[in-house]
Amino acid sequence: MEFQFIVKPRGQTVWEGRTVRLHCTVAGWPKPRIAWYKNNVLIDAKAHPEKYTVESNYNMHSLEIKNCDFLDTAQYYASALNVKGEASSAATVVVKSRYIDVSFLCADGFCPEHGVTFQTSIIDQFEVAFGREGETLSLGCTIIIFPTVKKYQPEVVWYRNSVPLKPSKWVHTHWSGERAVLTLTHLNKEDEGMYTVRVNTKSGFDTYSAYVFVRDADVEVEGVPVAPLDVRCHDVNKDYVVVTWKQPAVEGSSPILGYYIDRCEVGAHHWTQCNDNPVKYARFPVTGLVEGRSYVFRVRALNKEGVSRPSRVSEAVVAMDPSDRARLRAGPSAPWTGVIRFTEEDPTVGVVPGEPTDVIVTEATKSYVVLAWKPPVQRGHEGVMYYIEKCVSGSDTWQRVNTGMPVKSPRFALFDLAEGKSYSFRVRCCNSAGVGEPSESTGEITVGDKLDQPSAPGTPVPTRNTDTSVVVFWGASKDAKQLVGYYIECSVVGTDVWTPCNNKPVKQTRFVCHGLNTGLNYVFRVKAVNAAGYSQCSSTSDAVVVQAAISVPGEPTGVTQLEAVNDYMVMSWTPPLNNGGAEIRGYFIDYRTVKGDHFGKWHEMNERAENLKENLFYQFRVRAMNMAGVSKPSVPSKALECKEWTITVPGAPVGLYVLEVRDTSAVVLWEPPVFDGRSSVNGYYLDIKDASVGEEGWKAVHEKTNKSKFMKVENLNAGTFYVFRVRAQNIVGVGKPSAVLGPILAQTRPGTKEIYVDVDDEGVISMFFECSEMKAGSEFVWYKNYQEIVDTSRLTIINKEGKSRAIFNSPSLEDLGTFSCVVTNTDGISSSYTLTEEGLLRLLDLSHEHKFPVIPFKGEMAMELLEKGRVRFWTQLEKFTPACQVEYVFNDAIIEEGKKYTMKFDKSTGIIEMFMDSLEVTDEGTFTFNLVDGKAKGTTSLVLIGEEFRELQRKSEFERAEWVRKQGPHFVEYLDFTVTEECDVLLKCKIGNVKAETEIIWSKDSIEIAEDDEDSKKIERKDGELTFNIGKISKQDTGIYEVFLRDERGKDKRYQAVMNELFRVIANSSTQIQVVSTESGIILYSMVTYYDENLRVGWLHKDAKLAASERVKSGVTGEQLWLKINEPTEKDKGKYTMDIFDGKDGVKRVLELGGKNRARVVGGLPDVVAIQEGKSLNLTGNVWGEPLPEVCWVKNEKELTSDDHYKLKFEHGKFASITIATVTTADSGKYALVVKNKYGTEAGEFTVSVYNPEEEEGKEKKD
């Protein structure tokens, strides 16, 4: 049977960014195969799943074109083929742009308005980004438009999942004229997706895209679900709305039991929970809204562990009639110019509304049923409300559901229905005139979920993508209804810990999972989700190693000539930096002839360019090949003449490459030239140049020739591009430079690691190098002095899981040099380590320490005396294992625990102790702790000999005697002496371990103080404290006082020499000597807390005792001990010492007297000044003192202040002046210049007398 297109694909015109679906239906036998073409080019949907989806079901075929743009404008063909023949049907798709005026566009992009063709470059692009809920994330890129046209700016539009983004409180965009930035504030999972920046110009557009992943914020309670997402409102009416959401990727430690829906009025802050019982279905009708008010909604998930954080709030919705909302969106209508007629009454007033129509069940779950209907035609002008009635199957009784209040919206949700039972429903209208007739019944509806959970997706198939990502494909869930999307999870093999790859469901069956760890094995699984819940997880995928997929290699570089003869030339080149993840298997060399500006066709040849024609010019290019294919060709060499070389200098070095590129250094390596010239090569010169300057910028890196084939270039500027070249030298001269290497960016790669040297616990010295960017086929290759190490007698190399270890078999001076390690099949990952003689010796010392380890001590052995005179020897270990053992040694003999010795080793603290009850003469010697911990050893000793041992032995015996003393009545605090505020002398002591029968006896100078003595009244005992109040002490109280304790357990006594103790207290209370100036001289003094007339006080000057005289006197006033010096001179300078007797050696107080310290007025002021009234008076006094004195002027003992009448000045720290303007008789009086510093005060006094000449003459006439 011939086939035919029953339904042909239909052409469509759509807006840019939309999705287009072309359909056709084909009938025929045998069943034809359908293929889709775009402009006669076959569409491979599997190769471009992000763009095309092709489906064929029951002879119905479709092509889906996603995210349409200008380039999708084309003619599409559906081609049907079977053995009977072929037929096709075409449809045209036109994609229109919302963002640019396509009328300006020409085929070549030329913009006639500005007379240019704009070219767009998007650089400094944002990468795949990861954020966390609540954080702020910015994406940015630099946009370059060429040519630059004044006052012209392109249009920059941002998209998420092909939907244009509008600025909001969550989304901020910025365009500076050069850089475009998108900022997402307070990230939520709704923000996850593919972000695209599109640059629209009058010549076309350019785009760049990258995915943004949003991870869940940390949960407040372990095990609870994460927040739901994408809360939306549908079917909004006067008092009703349907809220939908998407389930989260992570259910927590147990499955989600349901969801709570919260609502909040806009402008308020109080959230109200809409449902008492959690709903499992991700869709819920909310009733009871107030008409005209705005609401927002949020959703929380619940499992056994608790409730999740709330989702992001929905967009605000207004509870109102949909027809009113439509009129508001339509905006104001045109002015109405008709005629309004008024009638006496409205004929519809008081009319009972008719019955509603088309009552249907729009949603049915086991939790609720939603009814919808159309309002009646006959309703009146006042509007209608509704009553809903239900009838259980098998019964004729109708029961009103909303008995309390009729609803305003033509929607109603019924709850509390019995699951599994069948019901019929109908609706009545009502208004002020009454209740209308019921609608037709819906028929029987069984309560239960009508939407099933989706089936499990097909087994995912992961494929390598990049070093940190994997592409996952899977089969779609079969017969899934209302599919929301898929969640993909990954797990490192062997961990059984599953992590979500996406936190927002995706609808396509292909996803790129980013953020994986390079080199690890991952498995994947997928689950589908719809409003009814999650599907079962798919089968687990096969494991895949995260590493870059194999691709064709990069192009070779640096094609140069090595040698030329009459009919052939030898060429060389630099291998590509990127081998595509697989070994380079070979190269293809092409050549062509060059005659002036004319170039011939390219021809393939071998590495040796043979059968060439002499004196002709040729160009060469090279392509690399690996298992993935052939690379792009290299840049052609310059035109080379096929002519035999006759030069005597060396040819150009070849094979330049760079390793160990860092911010300030790089290592350049090369191979010797093929042609040595007349003699062998004896050295090389390395040249460097900033890539941005011209040929004049070349300079040599070194002055002397370098005999090696490598050199480390240092002192580079970070972030600068450099190029390098090398010249070879023989005895004739220096040859031509090599091909230029570069440009090379002086920049340390992120994550760069260096070779480090370590010594293990066995003392083995090794070099380590790690690489986190290993790819398929990558290997570690070690070099010494940049020559590959093939002799394994010196080094043993072990490679494992991205880490290489080079072990020195027998380190010696033979191993000195530069060791380097290169990781093949990477972008030049390498590092080096230079082993010097000094470094080798340090490593050998460290190796010896590890081979023969020493147990570390926190401190050497110490000793302390304990109660009863016991001696404790101890130390503490810093590091040890539970197997550590201790050997106790005295004078080279091992001692064991017994009566004399007690040993203890606390392994929880590392403290080692040994106790001895007493020290005997035979215990003089060396005590040692010897430790063994595996192969580690440690020793610590303490030597007790000679006077040190004897002193310790005496202290031990004393401590033991003290312990014995305290077994009977004894003194807790010995007899001591204090002076009260009333200057009474008080003897006191504390006693302990006394009984009622214990005797307490006081004595003075060995004479017991009996109970009937006068002194016995001064003795008191209170709470174990004995006091003897001597009172005001005098010479007769001098003596030795004793207290004696005794009973059947023992005895104890103590004494006190009272006067000597009193002198000690007074002497130690004395202050340092102070100096004060007086009118006649100076006073040196010290203060004491109490003074006794028997206390001896002496004064010395320059260590010689001072004799009393009329000019120098000493004495006591109250508690002040003083020395007065009248009219001091230069001879009085020097050290003064006050010696106070304290019962023993005396207490000394010293002062160094300089002589020029005290403030003084040294001249310039008269004694008397007589001045005529009306004149001005100016006087200046000379001031001296260190530190600089304070200066003031006084009149009749009142201090003057500077004003218009009195002008006071103090200049240069020496001259104090006073000026009295226009003196009057009131200015007469006694004046003084007062100077003061910390060493004294002095006043220069003078008298001012103001007279009136006329008054003086009158007095003379009277006389």
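Think of each number as a place in line: the chain as shown, counted from 1.
Including glycine, each Cβ sits where the backbone N, Cα and C put it.
In TrEMBL this protein carries:
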type   : residues  : note
DOMAIN : 3-94      : domain 'Ig-like'
DOMAIN : 112-213   : domain 'Ig-like'
DOMAIN : 227-321   : domain 'Fibronectin type-III'
DOMAIN : 355-450   : domain 'Fibronectin type-III'
DOMAIN : 456-549   : domain 'Fibronectin type-III'
DOMAIN : 552-645   : domain 'Fibronectin type-III'
DOMAIN : 652-751   : domain 'Fibronectin type-III'
DOMAIN : 737-836   : domain 'Ig-like'
DOMAIN : 969-1041  : domain 'Ig-like'
DOMAIN : 1171-1249 : domain 'Ig-like'
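Of the Cβ pairs linking the domain 'Fibronectin type-III' (552-645) with the domain 'Fibronectin type-III' (355-450) and spaced 6 or more residues apart, fewer than 3 are under 8 Å, so the two regions do not touch. Per DSSP, the secondary structure of the domain 'Fibronectin type-III' (355-450) breaks down as 0 helix, 48 strand, 48 coil. For the domain 'Fibronectin type-III' (227-321), residue counts in helix, strand and coil come to 0 helix, 43 strand, 52 coil, using DSSP. Across the candidate stretches 227-321, 355-450, 456-549, 1171-1249, the maximum count of CB pairs under 8 A to the domain 'Ig-like' (112-213) is reached by 456-549. Per-residue pLDDT, averaged over the domain 'Ig-like' (112-213), rounds to 89. DSSP labels the residues of the domain 'Ig-like' (1171-1249) in these numbers: 3 helix, 49 strand, 27 coil.
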